[in-house]
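Participant: Below are the structure tokens for one structure; questions will follow.
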Amino acid sequence: MKGKFITIEGPDGAGKSTQVKKLSEHLKTIGYKVLTTREPGGTLLGERLREVLLSTEGESPVPEAEALIYAASRAQLVKKVIEPALQEGFIVICDRFVDSSLAYQGWARGLGITEIANINSWFLKDTWPDLTIILDIDPQQAFLRMQSKKDRLESESLEFHKKVREGFLKVQDMYPKRVKIVDASAKPEEVFENLLFEIEKSGIIKTN
């Protein structure tokens, strides 16, 4: 039986990693086989590309190169990890996926959401998420949460992070059936309850 593919998205500082961990633990306790992974990264090659993308040292990639490096990391992850796990019946939960590229490079960097979607469609084919949850948070609140963090994208200006949020909302407008929004400004436990509600409502898996 083919598994299901869930992605957790949102701006930096939205609490994605916390919710991925909570969701994975919950689904395992009710009997699902679960695989969690992340972007960029998730493979040996992907982790090396992650260092290139997020390092604050050396030359920064231009937006076009940035988009293509993310796509390369994603292609490796899809073919090496995600597709095999789905074929084995796992619920795959990914911390960021293609919608981050649509929001960050497509919208905030100005390369075009459709253009970035087309680049990724070439290798994703049918491996688009069954459900995407965007953790939405006011950029100012997220910015405060990130103050101690140092990677290249998290170090971008508040104005850039405002554009990223706009980009995620645009993505939800473009894919309303697949992409759902959960308010991430509440306490983690409340955010998780709302996330479970959206998963249950989608009908892709049972959450209790």
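Every residue, even glycine, has its Cβ placed from backbone N, Cα and C.
Pulled these from TrEMBL:
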type	residues	note
BINDING	Gly10, Pro11, Asp12, Gly13, Ala14, Gly15, Lys16, Ser17	ATP binding site
DOMAIN	8-193	domain 'Thymidylate kinase-like'
Participant: Once Gly10, Pro11, Asp12, Gly13, Ala14, Gly15, Lys16, Ser17 are set aside, which residues in the chain still have Cβ within 8 Å of the Cβ centroid of the ATP site?
Facilitator: Leu135, Ile137, Ala142, Arg145, Ala184
Participant: Which residues, sitting 6 or more apart from Ser17 (ATP binding site) on the same chain, put a CB under 8 Å from its CB?
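Facilitator: Those within reach of Ser17 (ATP binding site), by Cβ under 8 Å and sequence separation of 6 or more, are Arg38, Asp95.
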Participant: Where's the emptiest Cβ shell within 10 Å among the binding-site residues Gly10, Pro11, Gly13?
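Facilitator: Taking Gly10, Pro11, Gly13 as the binding-site residues, the minimal 10 Å Cβ count falls on Gly13.
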Participant: Restricting to the chain of Gly15 (ATP binding site) and a gap of 6 or more, list residues whose Cβ falls under 8 Å of its Cβ, or answer none.
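Facilitator: Those within reach of Gly15 (ATP binding site), by Cβ under 8 Å and sequence separation of 6 or more, are Leu135, Ile137, Arg145, Ala184, Pro188, Val191.
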Participant: Please classify the secondary structure at Lys16 (ATP binding site) using three-state DSSP.
Facilitator: helix
Participant: Look up Gly10 (ATP binding site) in the DSSP assignment and report helix, strand or coil.
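Facilitator: SS state of Gly10 (ATP binding site) = coil.
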Participant: Which one of the binding-site residues (Asp12, Ala14, Lys16) has its C-beta surrounded by the most other C-beta atoms within 10 angstroms?
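Facilitator: For the binding-site residues Asp12, Ala14, Lys16, the Cβ with the most other Cβ atoms within 10 Å is Ala14.
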